[in-house]
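Quick notes on the structure that follows.
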């Protein structure tokens, strides 16, 4: 087969892949066609606030309930863990049918408890989150010459000493004409029509897709006389004046609240695949690129140091040593200095070897989960349009990668003990329980706080049982399977023998652990900019979607961690410090310390409004869990790279 034949084959494959890509559709992203007059149902999600970070059920406040009763929508595991509680609402629309002054209900006179609860939620800046056709309601507010974009709308507002509730909503539904049933044309890839057979149209009746959902809240004082004899979905008899900058409906004890709404349909040029652009407008793209450029500079600097170590120092010494005859080598052995002196101790078993193997195994599992999850998210499989899929995917990938965790931990255990099979079951069990056990303990304590606050963020007891079953029925057995294969695999042979009596480590001017802790600043420098966007998405209610940037930053972080740990390991060996095992782990793992300090800084300066000890405890608890996962993942990268470096270095030394 000549070059041109190969070129033709590759060209054909590329064409087939490109045609497949045009017809490819991400899971859960199919458009829904609505005919004029078709019913549209608005759903409600949990009330959220950046002031407390504690979500509550929409119907925990005295709002109108649907005539058919409150029903939960189907929720996945990720939604439940994130505190989402999606329920039906009384807001009902008809496709492309404008309606004005629709009466919903009038509540009972507010009791003192309801009044206090409502005013507290207004003080805590709680937002109402509505959903139509899987699109969250979006609100625009004008500031000077530009518009600010918000998801949801506030329950009410406090003006001086009075509280006002937003009881009239003006909805704007943006729709786009559904021209064809062909998926390719909907996606805006007309050239793919040749690849996908176009069937006959289902109906000649024109249909529409929902491509936008906007809301404008108003505070309106209704006339009590006009409310008499009104039923749900009746038209309010008098004109409702809705002005954004004017509030009229003050909340008072023993007085009811009436709720009304308008809905207007507007045909838009927005295509269905672009309907999430309003929520995902890229902000700070230059900052993301700056973060990546900064990481590349750090990597280049460290790579230069590593290159010097390998080419100038190590290679020069080894080449010079190999050129000597045996007698000269024996004489030189007496004059050796630096890393060559610890040749008989460098592979001596570290303190707490089982714990090290367990942490490395869990680190491999967490790092693998992060890489696979972010890669799938960057490809669009876990977009914000599919709520909860990101968390659900993380759990699934974590459980599956238990095989890899057990394999790495047990094989490392056997390597440390020169191929001994004993103890692999114990190591596998510890790997399966170490990080998940800590995570469950933290979540269990935080869950008690959420239960006490009657928050929707509290994990139901039934879900706790499901998580435990997933843990012990899937994750633990897979970890044992990996451990079994690790026990059967050949252990890594050490290139040199270890003396029975350990060599004394010379005293140092400065504690070696000080250098280890300081090493974490370099990996932290590669991710602290991206960390701000991640923290903002978690705690400020913003949507994080730049997973492509995050994937690049993750790869750069892995490279920096490997380089930092490798350089520090070489420095320790040069001063005859052969206890490199744990230091190589924490040299890169110490980045977690700086992330935790950054989290405290973010709490003090960026979450100034975070109120109450419960909110602060939740924040610190989740931050601690995140930091532990980062420490295990980055520490594992540093340890494995250092192990490879030490093994390679001393396998080149021909000493008995």
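Placement of Cβ uses the backbone N, Cα and C atoms for every residue, glycine included.
Because TrEMBL annotations are produced automatically, they should be read as predictions rather than curated entries.
Quick look at what TrEMBL annotates:
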- 1-23: signal peptide (SIGNAL)
- 289-311: transmembrane segment (TRANSMEM)
- 354-378: transmembrane segment (TRANSMEM)
- 390-410: transmembrane segment (TRANSMEM)
- 431-451: transmembrane segment (TRANSMEM)
- 463-487: transmembrane segment (TRANSMEM)
- 513-539: transmembrane segment (TRANSMEM)
- 545-568: transmembrane segment (TRANSMEM)
- 580-604: transmembrane segment (TRANSMEM)
- 624-650: transmembrane segment (TRANSMEM)
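Residues of the same chain lying 6 or more positions beyond the ends of the transmembrane segment (545-568) and with a Cβ under 8 Å from any Cβ of it are 280, 282, 288, 291-292, 295-296, 298-299, 302-303, 305-306, 309, 367, 370-371, 374-375, 377-378, 382-384, 515-516, 519, 522-523, 526-527, 530, 533-534, 583-585, 587-588, 591, 634, 637-639, 641-642, 645. Contact between the transmembrane segment (354-378) and the transmembrane segment (513-539) is absent: fewer than three CB pairs lie under 8 Å, with pairs separated by 6 or more positions in sequence. Same-chain residues lying 6 or more positions outside the transmembrane segment (431-451) and placing a CB less than 8 Å from one of its CB atoms are 54, 357-359, 361-362, 365-366, 402, 405-406, 409, 457-459, 464, 467-468, 471, 475-476, 479-480, 483, 614, 617-618, 621-622, 624-625, 628-629, 632.
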